[in-house]
Amino acid sequence: MLSLGWVALRAAVKTVAFIAAVLLVCGADAIDTPCDGGHRCKNGATCIKVSRGGIEQNVCICKPQYTGWDCSVELDYCKTHCRSYRKNVNCQQALCNQGNCISRTEYPFYSCDCGAFYTGANCEVEYNPCSQPATNPCDHGVCTFVRGTNQVMCQCKPGWAPNPNQQVMKLSWNGADIFVAPPCSGKTRRGNPCMLCRAEAKAMWHFVFLLSLGILLWRLVSGVYVSIAYRNANTTQ
């Protein structure tokens, strides 16, 4: 990752190194007066007259945003001139990571559009609901943000389950739409909450069955007692 200060520092070192090379090769007396009106330096470059062995040449000292022997090539740090030292990393990624690199004509000659989910000078800091503790929507769960689909997934911790009364919600985050899963706010006693529901339903079924059986037996027994009492009454008469 290249910082804004590093880009300017490297441009300044490049200019100083060039002047030092001219002095080293041509001698301390090589830099004389400014060039005459016939020089070809462009884009506000400074032209110096260099002489060696009686031969004079014009040399262009480019401004930081230009390069080339006559300073006619405008530097594009976002595409070709960033000099990334990481393998398989282009200038766009080296300067702005997950953001969009925009070339500028003023220092530092580029800027980064980080979009909705990154921040920082070089878009190096994640910025989504999961990266901010205060905005974590998962309650008792691990929050995961899925780039590309803008989904917020919640992996519930043991003893917790997604709230059954909530569905996936569509919310706005920094100007972009995100889709947030139900929070882990449903507490479970043990095991899978679906298994608990099945166990509770089974227990309820057993209770209803036993209650019905008890009522049936009670009615049968009551009928027997009534029949015996009726017979005894007829016998005594």
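Glycine is treated like the rest: Cβ placed from N, Cα and C.
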Record TrEMBL, residue CYS71, disulfide partner from CYS62, CYS82: CYS62
Of the candidates CYS114, CYS130, the one sharing a disulfide with CYS123 in TrEMBL: CYS114
The domain 'EGF-like' (87-124) - residue tally per DSSP class, helix then strand then coil: 6 helix, 10 strand, 22 coil
Spatial neighbours of CYS114 (disulfide bond) among the disulfide-bonded residues CYS62, CYS71, CYS91 [C-alpha, 10 Å]: none
Collapsed DSSP category at CYS62 (disulfide bond): coil
